[in-house]
Amino acid sequence: MTQQEFMLDLPPSPVPKHEALDPGAAVLRGHAGMQAADMLAGIRRIARLSPFRRMTTAGGGTMSVAMTCCGAAGWCSDARGHRYEPHDPLTGQPWPALPPAWRAWATDAARLAGHDGFVPDTCLINGYRPGARMGLHQDDDERTDAPVVSVSFGLPAMFQWGGLQRTDPVRRIPLLHGDVVVWGGPSRLVFHGITALRAGQHPVTGPCRYNLTFRRVWQGSSV
Ligand code: MD3
Ligand code: FE
């Protein structure tokens with residue numbers, strides 16, 4: 001009997017591979033664990049070309065999360081507001097390329113969560129140190145209705161996930177090393193945030209957390 005035939009005799013796993021959070025939203029616990037070494041090496045390579053930086057906001061503040069990007073567009077915030085830019089304002093160069101293997105991986109993750117045909121053109125990379133946080137916000141700078149695939153590495157974070165109104169009640173779910181969350185359909189514009197990162201040491205990332213979000217910013221991107 002082959003391994004696969006043997007598996008067919010087992011009762012269905014009591015732990016589903018993906019948990020639905022809300023219509024269009026699902027978490028794939030630990031799904032990126034095998035990708036951690038490759039993606040963290042990729043983050044280091046990207047950050048040598050377009051370094052992590054803490055952006056300023058139109059309100060005059062400085063974000064506590066450090067960011068960089070790769071792909072056709074990068075998310076930027078400054079005194080004028082926030083938007084996607086095809087060039088890194090820090091270097092004047094195009095953003096580093098989105099690794100083709102990452103794009104294929106994100107397409108597959110979206111499909112596992114029920115969103116077929118997702119082809120991201122950018123990946124926003126957030127770097128958290130203890131104390132860094134992201135206040136409740138909506139991601140509405142993208143010009144498409146494609147889903148977002150988010151991947152967490154390193155120290156655990158507490159994700160806050162509300163509704164379509166800022167004042168809707170907020171639920172909290174922990175995001176751990178390797179966790180993947182896919183947000184699409186009616187969940188694409190929910191308010192969400194990350195509470196202040198607690199200090200700690202992670203065996204793979206040390207005192208840091210990284211979050212990658214794969215997005216489709218422009219409908220007509222040539223990817
Ligand atoms: C729900 N990042 O980059 S990941 C962001 O952990 C962002 O760094 C957080 O919010 C982080 O914009 C949260 C989970 C996430 C990411 C994007 C979403 C949830 C989302 C977009 C739409 C809806
Ligand atoms: Fe967001």
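Cβ atoms are placed via backbone N, Cα and C, with glycine included.
Here is what TrEMBL records for this protein:
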REGION    1-21  region 'Disordered'
DOMAIN    119-218  domain 'Fe2OG dioxygenase'
BINDING   His137, Asp139, His192  Fe cation binding site
Can you see whether DSSP assigns His137 (Fe cation binding site) to helix, strand or coil?
strand
Please list, for the domain 'Fe2OG dioxygenase' (119-218), how many residues fall into helix, strand and coil according to DSSP.
3 helix, 44 strand, 53 coil
Which residues does His192 (Fe cation binding site) neighbour through Cβ under 8 Å, counting only same-chain ones at least six apart?
Leu136, His137, Gln138, Phe159, Gln160, Trp161, Gly162
List every residue in the same chain as Asp139 (Fe cation binding site), at least 6 positions away in sequence, whose Cβ is under 8 Å from its Cβ.
Val148, Arg188, Leu189, Thr213, Arg215
Mind looking up the mean pLDDT for the domain 'Fe2OG dioxygenase' (119-218) in the predicted model?
97
Extra residues within 8 Å (Cβ to Cβ centroid of His137, Asp139, His192), Fe cation:
Met134, Leu136, Gln138, Val190, Phe191, Gly193
Other CB atoms, at most 10 A from the CB of His137 (Fe cation binding site):
11
